[in-house]
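What TrEMBL says about this protein:
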type	residues	note
REGION	1-29	region 'Disordered'
BINDING	415, 465, 517	S-adenosyl-L-methionine binding site
ACT_SITE	545	active site, nucleophile
REGION	601-693	region 'Disordered'
COMPBIAS	608-628	compositional bias 'Basic and acidic residues'
COMPBIAS	637-646	compositional bias 'Basic and acidic residues'
């Protein structure tokens, strides 16, 4: 049954239909001075249609986009994003985003304002790097994929009406099935078959690891032992819950198939394919039940609001994304993203006040929401990050996990499937084989959940996380649960890992276990090299939410020692998939790396000495591999700490992104396994944590 949305309007004079939303103005003489009254309206219509099919119209809007401050660099040597970022930092440059289409000779860099862009042009043009003289010049902004397709259709003498009309003719059941297919591609597959498909996907990754150029010689004598995989693969751990399991969802605020009815839910398809219609999410069985009243009440509010849903392609509207987090404790947190566009601060405050009134004294007052945040995006030319304001309620919500209580901030990462997360963390604890003498290094620790779940049974937990909110939550979580043996560092892992491990080494600690749970891009290569050099780490548990991208990390941990990869290599002992995302193609993969065991010795000796000697050189092949790994490891996509707000070309990216850049030009985080990838690899500055599926 589809969601029933009240279309009654208390203040009809304040309601703005999609077609009546503000459009770019076209100067027109006073009607008294016009001989043909139709001339002006015709010109206005033509100008409006021109804007609606202009792929670059977003660059002339009021909201911020770093695409207008972009440069391109040519004649680059083979590079990795890490190397390039270091180079830019050395030159005193502060990029907002880095992208590379061919991963080799050219890259695009966006800045936050004209001054920073011009400064970069001066410093980079003619700069000598690795015997390459760089060429830098201003680059054109990327085209909006939706409007670009509309322009192409128009130029070809066709339009998107046929597809739109066909979608409008769908029955309620057909529409719901299409929505399910986009949000949960495996929704119509038996759960046992879903698990098998995910297992097969993981097997393919582990086979690629075993065939990698830098390690394949290590596995030539044991190819049949693990079906060609790099290690033993244990049976996948199923999720205890397969429906209504997600404790966090990001709902797009938009219009339904008729283009008129306000809907808060998920898109029926990909933005770049020309689909902007939003479908009702309340019947998908994905979100936890307490999220549904929030969706329905907010739909009613927007329907009656004088401010309309945000439409990127039309350059109109303000209400963009509704994030709802629900937990087993009963706590509910909501956050709405608001894009001011041409509104002045007073009008934005009016919108904020109207929302607060609706939920505190209006028709939404009975909806259970413990904490509600109002996030305002910066306007064009602003260097500030989005302004996050507590609308009403408490600052934090709480979740229970493995008998412990955890505090969660609005932008802090927390796994989306709590019951399955308990299985995941129990598995990690088991594989760590920690004792009262063990020091646990919790890399990309988020709110501290993994380390804290082991803290009472080990000597010390050291957590590293770049999201300040998450670190504060981790410290508070330690206090709430009576844990006193923890330390947390709010830094990028690559910036602080070396001194931390040096300190551990100088303390002569013999039992150090590392647990790494990085964003989908994996760990920075500097972090991998540093972990290898710390011989005190004899066990390392790696939790990957995107093994296809992170497999370069796996190889670098086990490959023979080289000039660039010093330290005894680890052995990949075993791996197990853990399904945190039923209905989608994603799962977590837990891998155990050890040092100093028998299999490690036998594998290492299997390699030909002359081949090993060859790999000790830092030749062009390794540098090239480093470059490709870094580029591959930086794809995608999800908001501070878990979201990556690329500019317009990442419209349609899933919620799995890692840092807010203050740029509202994105597809409002539809939860979909059919993620719309960027048109080219990109590296958002500061990304350190993301959430999958």
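Quick reminder: no glycine exception, Cβ is built from N, Cα and C everywhere.
Heads up, TrEMBL stuff is auto-annotated, nobody curated it.
In terms of Cα spacing, the binding-site residues 415, 465, 517 that come within 10 Å of the residue listed as 'active site, nucleophile' are 517. Around residue 545 (active site, nucleophile), taking its Cβ as the centre, 24 other Cβ atoms fall within 10 Å, counting all chains. As a whole number, the greatest separation of Cα atoms within the S-adenosyl-L-methionine-binding residue list 415, 465, 517 is 15 Å. Counted within 10 Å of its Cβ, the other Cβ atoms near residue 517 (S-adenosyl-L-methionine binding site) come to 26, all protein chains included. Within 10 Å of the C-beta atom of residue 415 (S-adenosyl-L-methionine binding site) sit 24 other C-beta atoms, taking all shown protein chains into account.
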